[in-house]
Amino acid sequence: MKLDKNKIQISIGKNPSKTFYKLQLLLKDHFPENLKTKFSFQTASGIFTGENGQIFTDEVEKIIYLGLGETSKIKIRGVAQHFFQFGEKLKKWEGVGLEIHLPKVLTNSLSADLVVYQIVNSLEQGVYAINVLAKEYKENSKKIGNVSFILQDAAKLKEAEKGLKRGKIVSRYINGVRHIAHLPANHFTPEEFVSRSKEIAKDNGLKITVFDEPQLKKEKMGGILSVCEGSDKKAKMILLEYTPVKPITKKKLAIIGKGLTFDSGGISIKPAQDMHEMKYDMCGAATAIHAIGAIAELGLGVPVIAAIGVAENMPDAAAIKPGDVYTAYNGITVEVQNTDAEGRLVLGDVLSYVGKKFKPDYMLDLATLTGAIIISLGHEAAGVMSNSDVLTNLLKEASISSDERIWEMPLWEEYSEDLKSDIADIRNVAGRAGGSLSAAKFLERFVEPGIAWAHIDIAGTAWRKKTSGTQIGNGPTGYGVRLLVDLVEKIGKKK
(Lines of atoms letter the chains of each structure in order from A and count residues from 1; the text may use other names and numbers.)
(Lines give C-alpha, C1' and ligand atoms only; values in the text may rest on other atoms or scores of the structure.)
Protein backbone atom coordinates (compact mmCIF):
# COMPACT_ATOMS: atom_id res chain seq x y z
CA MET A 1 0.00 0.00 0.00
CA LYS A 2 1.74 3.11 -1.26
CA LEU A 3 1.84 6.42 0.58
CA ASP A 4 -0.14 9.08 -1.28
CA LYS A 5 1.65 12.10 -2.72
CA ASN A 6 0.93 15.63 -1.52
CA LYS A 7 -2.32 16.99 -2.91
CA ILE A 8 -1.24 20.63 -3.35
CA GLN A 9 1.51 22.26 -5.38
CA ILE A 10 2.94 24.81 -2.92
CA SER A 11 5.65 27.35 -3.62
CA ILE A 12 7.04 30.70 -2.52
CA GLY A 13 6.43 33.62 -4.88
CA LYS A 14 3.66 34.69 -7.23
CA ASN A 15 0.88 32.15 -7.64
CA PRO A 16 1.05 30.33 -10.99
CA SER A 17 -2.69 29.53 -11.10
CA LYS A 18 -4.83 31.28 -13.72
CA THR A 19 -7.39 32.05 -11.04
CA PHE A 20 -6.60 32.50 -7.38
CA TYR A 21 -7.59 34.38 -4.26
CA LYS A 22 -5.12 36.48 -2.36
CA LEU A 23 -5.28 35.64 1.34
CA GLN A 24 -4.12 38.61 3.39
CA LEU A 25 -3.31 37.90 7.04
CA LEU A 26 -3.95 40.89 9.31
CA LEU A 27 -3.10 41.67 12.92
CA LYS A 28 -5.70 43.73 14.78
CA ASP A 29 -3.15 46.19 16.17
CA HIS A 30 -1.42 46.53 12.78
CA PHE A 31 -4.53 47.08 10.68
CA PRO A 32 -3.50 48.95 7.48
CA GLU A 33 -4.83 52.50 7.26
CA ASN A 34 -5.85 52.11 3.62
CA LEU A 35 -8.09 49.17 4.57
CA LYS A 36 -9.67 51.12 7.42
CA THR A 37 -10.69 53.67 4.81
CA LYS A 38 -11.65 51.15 2.14
CA PHE A 39 -13.76 49.09 4.51
CA SER A 40 -14.88 51.86 6.84
CA PHE A 41 -18.39 50.43 7.18
CA GLN A 42 -17.13 46.92 8.01
CA THR A 43 -14.57 48.15 10.54
CA ALA A 44 -16.94 50.65 12.18
CA SER A 45 -19.70 48.06 12.52
CA GLY A 46 -17.37 45.34 13.82
CA ILE A 47 -17.93 43.07 10.81
CA PHE A 48 -14.18 42.95 10.26
CA THR A 49 -11.67 44.49 12.66
CA GLY A 50 -8.88 41.91 12.54
CA GLU A 51 -10.11 39.87 15.50
CA ASN A 52 -8.74 36.34 15.56
CA GLY A 53 -10.73 34.19 13.15
CA GLN A 54 -12.66 36.99 11.44
CA ILE A 55 -12.85 36.61 7.66
CA PHE A 56 -13.93 39.18 5.11
CA THR A 57 -13.92 38.53 1.36
CA ASP A 58 -13.64 41.17 -1.35
CA GLU A 59 -15.05 39.25 -4.32
CA VAL A 60 -14.38 42.10 -6.74
CA GLU A 61 -10.62 42.03 -6.18
CA LYS A 62 -10.53 38.33 -5.19
CA ILE A 63 -8.94 39.06 -1.80
CA ILE A 64 -9.74 37.23 1.43
CA TYR A 65 -8.79 39.01 4.65
CA LEU A 66 -8.12 36.83 7.70
CA GLY A 67 -7.83 38.39 11.15
CA LEU A 68 -5.30 36.95 13.61
CA GLY A 69 -6.01 39.17 16.63
CA GLU A 70 -3.45 41.14 18.60
CA THR A 71 0.27 40.64 18.05
CA SER A 72 1.01 40.14 21.76
CA LYS A 73 -1.41 37.19 21.95
CA ILE A 74 -0.51 35.42 18.73
CA LYS A 75 0.54 31.76 18.88
CA ILE A 76 1.28 29.32 16.10
CA ARG A 77 -1.71 27.14 17.00
CA GLY A 78 -3.94 30.21 16.63
CA VAL A 79 -2.61 30.75 13.11
CA ALA A 80 -2.52 27.13 11.96
CA GLN A 81 -6.07 26.29 13.05
CA HIS A 82 -7.57 28.62 10.40
CA PHE A 83 -5.95 26.86 7.47
CA PHE A 84 -7.78 23.54 7.73
CA GLN A 85 -10.83 25.37 6.34
CA PHE A 86 -8.81 26.78 3.45
CA GLY A 87 -7.59 23.29 2.63
CA GLU A 88 -11.23 22.21 2.52
CA LYS A 89 -12.05 25.17 0.25
CA LEU A 90 -9.26 24.24 -2.16
CA LYS A 91 -10.76 20.75 -2.34
CA LYS A 92 -14.10 22.22 -3.47
CA TRP A 93 -12.80 24.99 -5.73
CA GLU A 94 -12.13 23.75 -9.27
CA GLY A 95 -8.49 24.68 -9.84
CA VAL A 96 -8.71 27.98 -7.95
CA GLY A 97 -5.49 28.73 -6.08
CA LEU A 98 -4.49 30.66 -2.97
CA GLU A 99 -1.73 33.25 -2.62
CA ILE A 100 -0.99 33.72 1.09
CA HIS A 101 0.47 37.07 2.08
CA LEU A 102 2.47 36.97 5.33
CA PRO A 103 2.95 40.40 6.97
CA LYS A 104 6.31 41.35 8.44
CA VAL A 105 4.84 41.71 11.92
CA LEU A 106 3.76 38.03 11.82
CA THR A 107 7.11 36.61 10.69
CA ASN A 108 8.84 38.78 13.30
CA SER A 109 6.58 37.52 16.10
CA LEU A 110 6.76 33.88 14.95
CA SER A 111 9.56 32.58 12.74
CA ALA A 112 8.80 32.38 9.02
CA ASP A 113 10.02 28.77 9.14
CA LEU A 114 7.42 27.81 11.76
CA VAL A 115 4.56 29.80 10.20
CA VAL A 116 5.01 28.30 6.74
CA TYR A 117 5.63 24.81 8.15
CA GLN A 118 2.42 24.70 10.18
CA ILE A 119 0.28 26.40 7.51
CA VAL A 120 1.44 23.80 4.97
CA ASN A 121 0.55 21.02 7.42
CA SER A 122 -2.93 22.46 7.99
CA LEU A 123 -3.62 23.02 4.28
CA GLU A 124 -2.53 19.51 3.31
CA GLN A 125 -4.64 17.98 6.07
CA GLY A 126 -7.64 20.12 5.18
CA VAL A 127 -7.50 19.18 1.51
CA TYR A 128 -7.00 15.47 2.19
CA ALA A 129 -10.23 13.52 1.73
CA ILE A 130 -10.96 10.74 4.17
CA ASN A 131 -14.11 9.43 2.42
CA VAL A 132 -11.86 7.34 0.18
CA LEU A 133 -14.27 4.39 0.02
CA ALA A 134 -17.24 6.51 -1.10
CA LYS A 135 -18.57 6.46 -4.65
CA GLU A 136 -18.59 10.27 -4.53
CA TYR A 137 -14.84 10.34 -3.84
CA LYS A 138 -14.07 8.12 -6.81
CA GLU A 139 -16.31 10.03 -9.24
CA ASN A 140 -15.97 13.67 -8.19
CA SER A 141 -12.28 14.36 -7.70
CA LYS A 142 -11.46 17.97 -8.62
CA LYS A 143 -8.24 19.65 -9.63
CA ILE A 144 -6.61 21.36 -6.65
CA GLY A 145 -5.38 24.91 -7.25
CA ASN A 146 -1.82 25.99 -6.49
CA VAL A 147 -0.83 27.65 -3.22
CA SER A 148 1.97 30.16 -2.84
CA PHE A 149 3.42 32.35 -0.09
CA ILE A 150 4.34 36.02 -0.45
CA LEU A 151 6.52 37.40 2.35
CA GLN A 152 6.43 41.10 3.13
CA ASP A 153 9.88 40.71 4.70
CA ALA A 154 12.17 39.42 1.94
CA ALA A 155 14.92 38.80 4.51
CA LYS A 156 12.88 35.85 5.84
CA LEU A 157 12.81 34.05 2.49
CA LYS A 158 15.34 31.33 3.39
CA GLU A 159 13.52 30.64 6.65
CA ALA A 160 10.26 30.27 4.76
CA GLU A 161 11.81 27.92 2.19
CA LYS A 162 13.06 25.71 5.02
CA GLY A 163 9.58 25.55 6.54
CA LEU A 164 8.03 24.81 3.15
CA LYS A 165 10.37 21.90 2.43
CA ARG A 166 9.84 20.43 5.89
CA GLY A 167 6.08 20.94 5.76
CA LYS A 168 5.73 19.15 2.43
CA ILE A 169 7.50 16.09 3.81
CA VAL A 170 5.94 15.93 7.27
CA SER A 171 2.36 16.64 6.12
CA ARG A 172 2.52 13.70 3.73
CA TYR A 173 3.31 11.33 6.59
CA ILE A 174 0.68 12.88 8.86
CA ASN A 175 -1.92 12.24 6.17
CA GLY A 176 -0.48 8.75 5.78
CA VAL A 177 -1.35 8.04 9.41
CA ARG A 178 -4.80 9.55 9.00
CA HIS A 179 -5.47 7.54 5.85
CA ILE A 180 -4.75 4.08 7.22
CA ALA A 181 -6.26 4.89 10.63
CA HIS A 182 -9.57 5.81 9.00
CA LEU A 183 -9.78 2.63 6.95
CA PRO A 184 -12.10 0.01 8.51
CA ALA A 185 -10.71 -3.25 9.81
CA ASN A 186 -11.88 -5.23 6.77
CA HIS A 187 -9.79 -2.92 4.56
CA PHE A 188 -6.74 -2.53 6.79
CA THR A 189 -5.59 -5.76 8.41
CA PRO A 190 -2.30 -6.80 10.05
CA GLU A 191 -1.19 -7.97 6.59
CA GLU A 192 -1.91 -4.49 5.20
CA PHE A 193 0.28 -3.07 7.97
CA VAL A 194 3.12 -5.16 6.57
CA SER A 195 2.45 -3.88 3.05
CA ARG A 196 2.41 -0.25 4.19
CA SER A 197 5.59 -0.69 6.21
CA LYS A 198 7.36 -2.24 3.22
CA GLU A 199 6.44 0.73 1.04
CA ILE A 200 7.75 3.22 3.62
CA ALA A 201 10.94 1.16 3.93
CA LYS A 202 11.36 0.99 0.15
CA ASP A 203 10.82 4.74 -0.30
CA ASN A 204 13.39 5.65 2.36
CA GLY A 205 16.02 2.92 2.22
CA LEU A 206 15.06 1.45 5.60
CA LYS A 207 15.83 -2.07 6.74
CA ILE A 208 12.62 -3.98 7.43
CA THR A 209 12.10 -7.23 9.35
CA VAL A 210 8.69 -8.89 9.67
CA PHE A 211 7.92 -11.51 12.31
CA ASP A 212 4.99 -13.72 11.29
CA GLU A 213 3.26 -16.14 13.65
CA PRO A 214 5.93 -18.90 13.38
CA GLN A 215 8.71 -16.45 14.30
CA LEU A 216 6.63 -14.98 17.13
CA LYS A 217 6.15 -18.49 18.51
CA LYS A 218 9.84 -19.22 18.13
CA GLU A 219 10.68 -16.05 20.09
CA LYS A 220 8.03 -17.02 22.71
CA MET A 221 6.14 -13.75 22.42
CA GLY A 222 3.19 -14.86 24.50
CA GLY A 223 1.67 -11.39 24.80
CA ILE A 224 1.20 -10.68 21.11
CA LEU A 225 0.14 -14.26 20.40
CA SER A 226 -2.44 -14.35 23.19
CA VAL A 227 -4.22 -11.25 21.89
CA CYS A 228 -4.84 -12.65 18.40
CA GLU A 229 -6.03 -16.12 19.45
CA GLY A 230 -9.67 -15.22 18.79
CA SER A 231 -9.05 -13.78 15.32
CA ASP A 232 -8.36 -15.35 11.94
CA LYS A 233 -5.98 -12.43 11.30
CA LYS A 234 -2.52 -13.49 12.43
CA ALA A 235 -0.34 -11.23 14.56
CA LYS A 236 2.83 -9.55 13.30
CA MET A 237 5.80 -7.69 14.68
CA ILE A 238 7.37 -5.26 12.22
CA LEU A 239 10.78 -3.62 12.67
CA LEU A 240 12.03 -0.65 10.63
CA GLU A 241 15.62 0.58 11.02
CA TYR A 242 16.95 3.96 9.92
CA THR A 243 20.70 4.52 9.79
CA PRO A 244 21.54 8.12 8.83
CA VAL A 245 24.08 8.74 6.07
CA LYS A 246 25.63 11.49 8.18
CA PRO A 247 25.03 10.63 11.86
CA ILE A 248 25.45 13.51 14.30
CA THR A 249 25.14 11.41 17.45
CA LYS A 250 25.63 7.83 18.61
CA LYS A 251 22.44 8.04 20.68
CA LYS A 252 19.79 5.69 19.35
CA LEU A 253 16.00 6.15 19.61
CA ALA A 254 13.44 3.34 19.49
CA ILE A 255 9.78 4.12 18.76
CA ILE A 256 7.31 1.39 19.73
CA GLY A 257 3.72 1.40 18.50
CA LYS A 258 0.53 -0.43 19.46
CA GLY A 259 -1.24 -1.71 16.35
CA LEU A 260 -4.65 -3.21 17.08
CA THR A 261 -6.36 -3.04 13.68
CA PHE A 262 -9.59 -3.70 15.54
CA ASP A 263 -10.28 -4.09 19.24
CA SER A 264 -13.64 -5.60 20.12
CA GLY A 265 -12.41 -6.15 23.67
CA GLY A 266 -12.30 -9.91 23.14
CA ILE A 267 -14.22 -11.99 25.69
CA SER A 268 -14.41 -8.87 27.90
CA ILE A 269 -16.33 -7.33 25.02
CA LYS A 270 -16.83 -3.60 24.65
CA PRO A 271 -20.25 -1.88 24.55
CA ALA A 272 -21.74 -1.70 21.05
CA GLN A 273 -21.99 2.10 21.09
CA ASP A 274 -19.01 3.65 19.31
CA MET A 275 -17.27 0.27 18.95
CA HIS A 276 -16.69 1.19 15.30
CA GLU A 277 -14.10 3.70 16.54
CA MET A 278 -11.91 0.81 17.67
CA LYS A 279 -10.48 0.68 14.15
CA TYR A 280 -8.41 3.61 15.51
CA ASP A 281 -6.69 1.37 18.06
CA MET A 282 -3.73 1.07 15.70
CA CYS A 283 -2.87 4.78 15.68
CA GLY A 284 0.26 4.32 17.81
CA ALA A 285 1.73 1.86 15.31
CA ALA A 286 0.61 3.99 12.37
CA THR A 287 2.40 6.99 13.87
CA ALA A 288 5.56 4.97 14.55
CA ILE A 289 6.05 3.76 10.96
CA HIS A 290 5.15 7.11 9.39
CA ALA A 291 7.30 9.10 11.80
CA ILE A 292 10.39 7.05 10.93
CA GLY A 293 9.56 7.61 7.27
CA ALA A 294 9.45 11.39 7.80
CA ILE A 295 12.67 11.28 9.86
CA ALA A 296 14.45 9.35 7.11
CA GLU A 297 13.18 11.54 4.27
CA LEU A 298 14.26 14.65 6.18
CA GLY A 299 17.70 13.04 6.55
CA LEU A 300 17.92 13.65 10.30
CA GLY A 301 21.21 12.50 11.83
CA VAL A 302 19.95 10.21 14.60
CA PRO A 303 19.66 6.39 14.31
CA VAL A 304 16.03 5.34 14.81
CA ILE A 305 14.20 2.03 15.14
CA ALA A 306 10.43 1.75 14.78
CA ALA A 307 8.90 -1.47 16.09
CA ILE A 308 5.20 -2.26 16.07
CA GLY A 309 3.10 -5.11 17.36
CA VAL A 310 0.07 -5.73 15.14
CA ALA A 311 -2.95 -7.87 15.96
CA GLU A 312 -6.74 -8.01 16.03
CA ASN A 313 -8.62 -8.62 19.30
CA MET A 314 -11.78 -10.67 18.74
CA PRO A 315 -14.01 -13.01 20.80
CA ASP A 316 -13.99 -16.64 19.73
CA ALA A 317 -13.94 -20.13 21.21
CA ALA A 318 -10.15 -20.03 20.97
CA ALA A 319 -9.79 -16.50 22.37
CA ILE A 320 -7.85 -15.84 25.55
CA LYS A 321 -10.19 -15.81 28.57
CA PRO A 322 -10.26 -13.73 31.74
CA GLY A 323 -8.10 -15.55 34.26
CA ASP A 324 -5.78 -17.13 31.69
CA VAL A 325 -2.03 -16.81 32.28
CA TYR A 326 0.59 -16.40 29.56
CA THR A 327 4.38 -16.06 29.59
CA ALA A 328 5.76 -12.89 28.01
CA TYR A 329 8.92 -12.63 25.90
CA ASN A 330 10.98 -11.55 28.93
CA GLY A 331 9.79 -14.53 30.99
CA ILE A 332 7.26 -12.70 33.18
CA THR A 333 3.98 -14.55 33.69
CA VAL A 334 0.87 -12.40 33.25
CA GLU A 335 -2.65 -13.10 34.49
CA VAL A 336 -5.16 -11.64 32.04
CA GLN A 337 -8.08 -10.50 34.17
CA ASN A 338 -9.55 -8.33 31.41
CA THR A 339 -9.07 -9.18 27.73
CA ASP A 340 -9.92 -5.59 26.80
CA ALA A 341 -6.62 -4.46 28.36
CA GLU A 342 -4.81 -6.11 25.46
CA GLY A 343 -2.63 -3.32 24.08
CA ARG A 344 -0.24 -3.58 26.99
CA LEU A 345 0.23 -7.30 26.29
CA VAL A 346 1.34 -6.52 22.74
CA LEU A 347 3.53 -3.59 23.79
CA GLY A 348 5.20 -5.58 26.56
CA ASP A 349 6.70 -8.12 24.16
CA VAL A 350 7.84 -5.46 21.67
CA LEU A 351 9.40 -3.31 24.40
CA SER A 352 11.29 -6.32 25.76
CA TYR A 353 12.49 -7.48 22.36
CA VAL A 354 13.72 -4.07 21.22
CA GLY A 355 15.38 -3.38 24.56
CA LYS A 356 17.30 -6.67 24.51
CA LYS A 357 18.21 -6.76 20.81
CA PHE A 358 18.93 -3.10 20.03
CA LYS A 359 19.79 -1.59 23.42
CA PRO A 360 18.54 1.92 22.49
CA ASP A 361 19.56 4.93 24.58
CA TYR A 362 16.02 6.28 24.40
CA MET A 363 12.84 4.28 23.93
CA LEU A 364 9.24 5.42 23.86
CA ASP A 365 5.94 3.83 23.04
CA LEU A 366 2.82 5.40 21.59
CA ALA A 367 -0.50 3.75 22.26
CA THR A 368 -4.21 4.41 22.40
CA LEU A 369 -3.98 2.61 25.71
CA THR A 370 -6.56 3.87 28.20
CA GLY A 371 -9.86 5.71 28.28
CA ALA A 372 -8.69 7.00 31.65
CA ILE A 373 -6.26 9.41 29.98
CA ILE A 374 -9.21 11.04 28.19
CA ILE A 375 -10.91 11.56 31.56
CA SER A 376 -7.71 13.22 32.80
CA LEU A 377 -6.66 15.34 29.81
CA GLY A 378 -9.55 15.32 27.36
CA HIS A 379 -8.48 15.52 23.73
CA GLU A 380 -5.99 18.37 24.13
CA ALA A 381 -2.88 16.48 25.24
CA ALA A 382 -1.31 13.04 25.40
CA GLY A 383 -0.25 11.73 28.78
CA VAL A 384 3.46 11.02 29.28
CA MET A 385 4.85 8.73 31.96
CA SER A 386 8.60 8.20 32.04
CA ASN A 387 11.49 6.77 34.06
CA SER A 388 13.81 9.51 32.76
CA ASP A 389 13.81 13.25 33.44
CA VAL A 390 16.17 13.71 30.49
CA LEU A 391 13.78 12.07 28.01
CA THR A 392 10.77 13.78 29.56
CA ASN A 393 12.41 17.18 29.15
CA LEU A 394 13.33 16.41 25.54
CA LEU A 395 9.71 15.46 24.89
CA LYS A 396 8.49 18.66 26.53
CA GLU A 397 10.79 20.73 24.31
CA ALA A 398 9.58 18.83 21.23
CA SER A 399 5.97 19.30 22.32
CA ILE A 400 6.40 23.07 22.50
CA SER A 401 8.14 23.37 19.13
CA SER A 402 5.77 20.99 17.32
CA ASP A 403 2.60 22.19 19.09
CA GLU A 404 1.64 18.56 19.75
CA ARG A 405 0.78 18.77 23.40
CA ILE A 406 1.87 16.37 26.11
CA TRP A 407 1.38 16.42 29.87
CA GLU A 408 3.61 14.62 32.35
CA MET A 409 1.87 12.17 34.69
CA PRO A 410 3.43 10.43 37.72
CA LEU A 411 5.00 6.99 37.61
CA TRP A 412 5.13 6.37 41.35
CA GLU A 413 5.74 2.85 42.63
CA GLU A 414 2.43 2.86 44.51
CA TYR A 415 0.58 2.57 41.21
CA SER A 416 1.99 -0.92 40.71
CA GLU A 417 0.63 -2.29 44.01
CA ASP A 418 -2.72 -3.32 42.52
CA LEU A 419 -1.04 -5.13 39.62
CA LYS A 420 -0.03 -7.98 41.93
CA SER A 421 -1.51 -11.37 41.06
CA ASP A 422 -2.09 -14.30 43.40
CA ILE A 423 -1.13 -16.82 40.71
CA ALA A 424 1.27 -15.06 38.30
CA ASP A 425 4.03 -12.45 38.45
CA ILE A 426 1.64 -9.68 37.49
CA ARG A 427 -1.92 -9.10 36.32
CA ASN A 428 -2.90 -6.86 33.42
CA VAL A 429 -5.36 -4.55 35.20
CA ALA A 430 -5.47 -2.73 38.52
CA GLY A 431 -8.98 -1.27 38.73
CA ARG A 432 -10.43 2.07 37.63
CA ALA A 433 -8.51 4.46 39.88
CA GLY A 434 -5.39 5.79 38.15
CA GLY A 435 -5.94 3.47 35.20
CA SER A 436 -3.49 5.25 32.89
CA LEU A 437 -0.80 5.22 35.56
CA SER A 438 -1.10 1.55 36.50
CA ALA A 439 -1.04 0.71 32.77
CA ALA A 440 2.27 2.55 32.48
CA LYS A 441 3.61 0.69 35.53
CA PHE A 442 2.65 -2.56 33.79
CA LEU A 443 4.66 -1.55 30.71
CA GLU A 444 7.62 -0.53 32.85
CA ARG A 445 8.06 -4.20 33.81
CA PHE A 446 9.11 -4.86 30.20
CA VAL A 447 11.73 -2.09 29.89
CA GLU A 448 15.34 -3.25 30.14
CA PRO A 449 17.44 -1.64 32.90
CA GLY A 450 19.38 1.44 31.86
CA ILE A 451 17.07 2.49 29.03
CA ALA A 452 15.49 5.95 29.22
CA TRP A 453 11.85 5.16 28.44
CA ALA A 454 8.60 7.09 28.10
CA HIS A 455 5.06 5.87 27.58
CA ILE A 456 2.83 8.23 25.58
CA ASP A 457 -0.89 7.51 25.92
CA ILE A 458 -2.50 9.01 22.81
CA ALA A 459 -6.04 7.71 23.39
CA GLY A 460 -7.34 11.29 23.60
CA THR A 461 -5.31 12.79 20.77
CA ALA A 462 -5.22 10.08 18.09
CA TRP A 463 -8.70 11.01 16.88
CA ARG A 464 -11.11 13.79 17.75
CA LYS A 465 -14.38 15.37 16.65
CA LYS A 466 -13.49 19.07 16.90
CA THR A 467 -10.48 20.87 15.45
CA SER A 468 -8.15 22.47 18.00
CA GLY A 469 -4.97 24.36 17.16
CA THR A 470 -2.76 22.25 14.92
CA GLN A 471 -4.96 19.15 15.39
CA ILE A 472 -7.64 18.51 12.79
CA GLY A 473 -11.07 17.22 13.82
CA ASN A 474 -13.63 14.81 12.37
CA GLY A 475 -11.52 11.67 12.66
CA PRO A 476 -7.89 10.61 13.02
CA THR A 477 -5.39 13.43 13.55
CA GLY A 478 -1.99 11.95 12.76
CA TYR A 479 -0.90 13.10 16.22
CA GLY A 480 2.69 12.32 17.08
CA VAL A 481 4.48 12.60 13.73
CA ARG A 482 5.49 16.23 14.30
CA LEU A 483 6.31 15.52 17.94
CA LEU A 484 8.67 12.67 17.04
CA VAL A 485 10.35 14.58 14.21
CA ASP A 486 11.09 17.42 16.62
CA LEU A 487 12.19 14.97 19.33
CA VAL A 488 14.77 13.46 16.99
CA GLU A 489 16.05 16.93 16.17
CA LYS A 490 16.38 17.69 19.90
CA ILE A 491 18.24 14.41 20.50
CA GLY A 492 20.62 15.26 17.67
CA LYS A 493 21.45 18.62 19.25
CA LYS A 494 21.87 17.25 22.77
CA LYS A 495 25.48 17.06 23.97
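Each residue, glycine too, has its Cβ placed from N, Cα and C.
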>> Can you find which of GLU192, GLU199, GLU335, GLU342 Swiss-Prot lists as binding Mn(2+) 2 at the same site as LYS258, ASP263, ASP281?
In response: GLU342
> Hey, what's the Cβ neighbour count for ASP340 (Mn(2+) 1 binding site) at 10 Å?
Replying inline: 19
> Any idea what the Cα distance is from ASP263 (Mn(2+) 2 binding site) over to ASP340 (Mn(2+) 1 binding site), rounded to a whole Å?
Replying inline: 8
> Around the Mn(2+) 1 site (ASP263, ASP340, GLU342), what further same-chain residues have their C-beta within 8 angstroms of the site's C-beta centre?
Replying inline: VAL227, LEU260, SER264, GLY265, GLY266, SER268, LYS270, MET278, ASP281, ASN313, THR339, ALA341, GLY343
>> According to DSSP, collapsed to three classes, what secondary structure does ASP281 (Mn(2+) 2 binding site) have?
In response: helix
> Could you give the Cα-Cα distance between ASP281 (Mn(2+) 2 binding site) and LYS270 (active site), in whole Å?
Replying inline: 13
> Given GLU342 (Mn(2+) 2 binding site) and LYS270 (active site), what distance in Å do their CA atoms have, once rounded to a whole number?
Replying inline: 12
